[in-house]
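S.K.: Pulled these features from TrEMBL for this protein:
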ACT_SITE  His413  active site
ACT_SITE  Asp465  active site
ACT_SITE  Glu474  active site
DOMAIN    528-608  domain 'Carbohydrate binding'
SIGNAL    1-24  signal peptide
Amino acid sequence: MEKFVRLISMAPLLLLLCFPLALAAHDYGQALSKSILFFEAQRSGFLPHNQRVTWRANSGLYDGKASGVDLVGGYYDAGDNVKFGLPMAFTVTMMSWSIIEYGKQMAASGELSHAMEAVKWGTDYFIKAHPEPYVLYGEVGDGNTDHYCWQRPEDMTTDRRAYKISPSNPGSDLAGETAAAMAAASIVFRHSNPAYASELLRHAHQLFDFADKYRGKYDSSITVAQKYYRSISGYNDELLWAAAWLFQATNNQYYLNYLGNNGDSMGGTGWGMTEFGWDVKYSGVQTLVAKFLMQGKAGRNTAVFEKYQQKAEYFMCSCIGKGSRNAQKTPGGLIFRQRWNNMQFVTSASFLATVYSDYLTSAGKTLNCAAGNVAPSELLSFAKSQVDYILGDNPRATSYMVGYGNNFPQQVHHRASSIVSYKKDSSFVSCRGGYATWFSRKASDPNLLTGAIVGGPDAYDNFADQRDNYEQTEPATYNNAPLLGILARLNAGHGGYNQLLPVVTTQPKVAPLPKITPVAPASSSSPIAIQQKLTTSWVSKGVTYYRYSTVVTNKSAKTLTNLKLSVSKLYGPIWGLTKAGDSYVFPSWINSLSAGKSLEFVYIHSASPADVAVSSYSLA
């Protein structure tokens, strides 16, 4: 992220007096696919064999070596080549939250495995960055030297020093956000990779303890971050945020009571916010705590949690213009917070509005605003309006997602995309030579940064597509992360969503037979049908076991190949599929399904049916 001060000369742009009378419906599924693909362009380290952004190559292969630690991997935050820990952790938390809420919808569109891979690329790095309980590396590279140069990640000659926090140099905000990311990600991998999920939780517990025991702002310890990602809100919001995610991941009452005991003193019940992002987490905490309250989990903390919820609704009401203090909007209807990368606040706010709409609907409640009671559907309509604006329904008819639509930014402020691919021309691009040869070019980027959400327009819907206009044309990982969940939700339509898990009550002594319901794709037009049925049951040593048969049918007129299935909540053996990483694929004796043909597999365990969903596939 470019932080040096520059006056931007922007030619005035005439706004359209009105929108077109008819706007074409957006392809949210395509936008979801592209928004996930962007993360592959941001990867640092050794790129995997299945890397889909092929114009990128390996980079940062010696990160951490000078400090005696392996810090290869992770994500570059934006258009530069620095790895900043705080926004990277927030990115992973929000990607994980998107999957937790709308993973089934992602699976129906074949994108769940890609989204999970994006999360794991981040958490694999955080495991490396947390080599000891009270040590966390929070930055690799220095923004000052990095921004002096305009080089591809593959050519970097800048300082790759690693910076850490420790008991003597604490950083509760950084450790807290990383704890939240690890806890949230553990939920994502809980069923597909339980060993990995347990490892993530172990790090989350340690990081929370580190953050809470040794308190301090991380940018007082990692001072080189102050110019780029200063922690203005302090660390109390991250401590509450981490506690909320650890409760969500573990159901441990310690973390629930932490939220209750510290809500007032740490600002969780006091701060009414109109923004949510990598620095200020209060609105996110308040939304999660409101969820716990609606789930009936608050217990003795009910009175305090109700105050959290009041502040969550303050945020929601401000977004839809029905609060006592409302968010500013452009003439075209986009939330506007600041000139510099305003889109980060748009996607984050829209995500909170989406999940809160579904929480309220699931609980049968309405939103209480200063202007009166509001139906939950208004929150979802607001989120949809913001996404549609991003995708092109705006006065400029510009898509602010690179590669989506016909009119999108061509000169993105992004080193890797603006310089010829290393794979096409490996000639060294020097530090200052990159500015002279590539940065100053007025032509389109040689590499398409597919799916990137750029900073976006100003307060009057004006936008200048110029590479040096970093306030508006630079993308960031945390712009995209919240968008994954919203796009999955919108792509799946407006069917019923129960986002509140049932309250756990006393178990009956004799459990009834599990209820079997068909597992169907979100869209009836999906080429793949999944049907489960209970075939038999028996009792052994007081435990009831069930045998389930699952039939996968190719409904299309083409041949189904490269099928990947997600099978979660599975607690026993499975036959008829082959395990491949976090997914299941065709057994060894089958490599495709012809039109109309079916595949059957069976499994046995002592629980209700496993959750079976399509992660990805090909039709040939």
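Heads up, the Cβ atoms here are built off N, Cα and C, so glycines get one too.
Just so it is clear, the model here is predicted, and its values are computed rather than measured.
Relative to the rest of the structure, where do these features sit?
M.R.: The Cβ neighbour count for His413 (active site), using a 10 Å radius over every protein chain in view, is 26.
Around Asp465 (active site), a 10 Å sphere centred on its CB holds 17 further CB atoms from the protein chains shown.
Its Cβ taken as reference, Glu474 (active site) is surrounded by 22 other Cβ atoms within 10 Å in the chains shown.
Per-residue confidence over the domain 'Carbohydrate binding' (528-608) averages 85 (mean pLDDT, predicted model).
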S.K.: Under the DSSP assignment, what numbers of helix, strand and coil residues are found in the domain 'Carbohydrate binding' (528-608)?
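M.R.: Output for the domain 'Carbohydrate binding' (528-608) reads 0 helix, 51 strand, 30 coil.
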S.K.: Do me a favour and check the Cα-Cα span between His413 (active site) and Glu474 (active site); whole Å is fine.
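M.R.: Rounded to a whole number, the Cα-Cα distance is 5 Å.
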S.K.: Roughly how many Å separate the Cα of Glu474 (active site) from that of Asp465 (active site), to the nearest whole number?
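M.R.: Roughly 10 Å, rounded to the nearest whole number.
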